[in-house]
């Protein structure tokens, strides 16, 4: 019997180990744009491909979905190829911003590039997270929250600060799948965030709603009541989605955890691989920085300053102290911690004492090295002999009977009154 993969009931499938959360959320965003929608089998196949691709992480620095698609085996089952095509199209649609050329001097030629000076950093063209886009297969009516759905969402954002990229992208995915009303969003906010965060979000949302009502929104009727009331109508899909965008935008004004940078104390261990250390930094910044804060300069700075001394020497020697993250990872890719040889510290042996040993009375050795056995503290309690211990007492040893001589035992088997026959040449027998 083959394994049956139903449609995914969990709003946020678990990411494979070793993949950053914001990268996994990009794959989910692309998967939910497919028509028909993804199933659990598609997510299972996607995780299998990513686990194999993570063994050669050259496509991640920076992330290159075209290179990842080339690693996909031909005729791979599931909708993995379609998911990668959506990511490739989204990546190519974003225009790149080329760096301005350096000013040229007409008098002299530019000097040769110094290998010790790192090249200028070029911003990656790939977006950190994909924007929310509702797929064509959105149901006409929304799905109300269930307790298992709220618990799954809260588990995903438990380690992320409100307003961080991981928090926002997780909420975007939940909004995209369930298409909640204003009442559902309020319930979600109260379930996920504290009362202080909910109060700050409510204030920011009120100001955004007032501005939107003044500006005018497609489908909004001022005579039908406030925008919050009209967004509760399940039939008003367009107006409800406008309210969802305002509700998500209100998180941008929340104070993130960047004031207390716990990620600044993340240091590379003496024997920790460099790519593992960079991945820990990446995850910590995703969970701590507010949305919109540039992460790459902070990540590159910490990837050098918080590395161990051996990796810092490698980066300095190759001029990658402020280079793109991919160059830094390649510089320390072949680094392995040095084998720490254990030095055996031999304690010098003390010279023999001049005093006589208290056991045998001879000089030249310590009492612990004396060949004479230790004398008993008193007489034996069994036989009162002061020359041996109780364990050596002959009374404790069982008496072994002496074996009888073999000749006597043989003689006992012979009869005593049988005459010995006499043989003679002419006589009687």
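Any Cβ shown, glycine's included, is placed from N, Cα and C.
Annotation comment: Swiss-Prot describes 2 as N-myristoyl glycine, evidence class sequence analysis.
Per Swiss-Prot, the feature phosphoserine maps to 105.
Annotation source Swiss-Prot lists region 'Disordered' at 93-143.
Marked as motif 'PPXY motif' by Swiss-Prot on the basis of similarity to another entry: 118-121. On the 0 to 100 pLDDT scale, the motif 'PPXY motif' (118-121) averages 51 in the predicted structure.
According to Swiss-Prot, the motif 'PTAP/PSAP motif' annotation covers 124-127, on the basis of similarity to another entry.
Annotation comment: Swiss-Prot describes 355-372 (among others) as zinc finger, evidence class sequence analysis.
The zinc finger annotation in Swiss-Prot covers 378-395 (among others) and is backed by sequence analysis.
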### Message
Across the zinc finger (355-372), what are the DSSP residue counts per state (helix, strand, coil)?
### Response
3 helix, 0 strand, 15 coil
### Message
Summarise the zinc finger (378-395) as counts of helix, strand and coil residues per DSSP.
### Response
3 helix, 0 strand, 15 coil
